[in-house]
Amino acid sequence: MDSLKLLFSCTYILLHVLLGVAVSEYLPHSICENSRGNYTSGSTYRRNLDSVLSSLTADTKIDYGFYKLSAGQAPDRVNAIALCRGDLSVDDCRGCIANATQQILEDCSNQKEANIYYRSCILRYSNRSIFHVVETSPSYPLSSENYSNNAKEFIQDVRTLLFRLRGTAAAGNSLKKFATGNETSGFYTIFGLVQCTPDLSAQQCFDCLVKVIPEIPQGGTKIGVHFFAPSCNYRYEVEPFFASTPDSSPSSSPPPSASTQSPPAAITPPPPEGKSSKTRTIIIIVIPSVSAVIFIFYICIILRQRRLRKKLKTSDEIESVESLQFDFSTLRVATNNFSEENKLGQGGFGAVYKGTLSNGQDVAVKRVSKDSGQGDLEFKNEVLLVAKLQHRNLVRLLGFCLERNERLLIYEFLPNASLDHFLFGQPTNPHNKSNLLDIGFLLTKSID
């Protein structure tokens, strides 16, 4: 039983972790702009798009996580921007963008403008100019499933943190406009991040964040939000999700009304992202597989325990049967070699003899006919069943004997009484003693 409880506990924890990962994995999120026009496979626009996306991260000198590239001439010109989270390593950044370029072509297979958002990077392309332009639409808010206990105080502390980070990020340079920090709020420590595409000016970045930060909900505040927009984004959680980076506090002058901020405390780096499509595929495969393995393991335990119980029960029954077995020689002595003087009567299943055991106990010995048609195992099973029957109106079976071709049943001896006397209180003749034992034997046969 303890092993089953442990199995259930492990199953619950494992599924809880796996399902938790699956539920929180709402990214990547693609937005395909149908209103901007479409292209066809093999068209000039598609060739320019393939060229831009395949070359986006080709420049190995770029190690600050921002890429922009153009190809072709109007109306088939393609402009593309890719932005990685400011604390991401170069390899993780390029891996995220590589996944994004593949995913966006699958999700938006013929749109001339599209955006895709990952936790660690964003990618967008269009046939119009998108460089040095503030755009807050199309946006995508991703929030946690949990809510703050004190919404009013919590949201105020979130705003305080993001407003402080807003000025720090806007003060960044042309390579990175990114800031992280934390704020204590009641029982929580809020971790925040804000970022703009570094092609924006300080004022443009500040204005972009001014527009998107008020999008924080006022009531029923969730304890984690990641808000995506084409030109800027912010995120806050009650657990650390970013790595400390010296670029979090740029030295450039902040824009008007922007506050400054000291570098955030060192926080454990997050795991690499940018592989959400593969993650979802793995989750889809892993959860059913793990569940199937656990189910099979559980069934095996149940079957094994049943076999053990059956084996123990069989062993107990064998011991019980053996404890009821008498030696033929003992019964021969007790009945004076089955003499006629000791014979109580003759029934349909054999003769009954009175016997006296070595301890002085009187017994009735039923010598079963040899043509009863039973096997040894059947005989033992029936003896065990009848021996378990306990009732004031039944003659108690004391044991049996099974040697060579002899099969004998040993009952308690009831002097001057029989079964009909117990049932009806009427006298009976001596031959009914044999009938009484026949009834016991018939009961044995009927139970089989």
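Residue 1 is the first one shown; counting continues down the chain.
Note: Cβ is positioned from N, Cα and C throughout, glycine not excepted.
Curation does not apply to TrEMBL; its annotations are automatic.
The shown structure was predicted, so the numbers you read here are calculated from the model rather than taken from an experiment.
As annotated by TrEMBL, ATP binding site applies to K366. Among the features that TrEMBL reports, domain 'Gnk2-homologous' is placed at 27-130, 135-241. As annotated by TrEMBL, region 'Disordered' applies to 245-277. The signal peptide annotation in TrEMBL covers 1-24. The transmembrane segment feature in TrEMBL is assigned to 282-303.
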K366 (ATP binding site) CB neighbourhood, other CB atoms within 10 A: 24
Secondary structure composition of the domain 'Gnk2-homologous' (27-130) [DSSP: H/G/I, E/B, coil]: 33 helix, 29 strand, 42 coil
Helix, strand or coil at the residue listed as 'ATP binding site' [DSSP, three-state]: strand
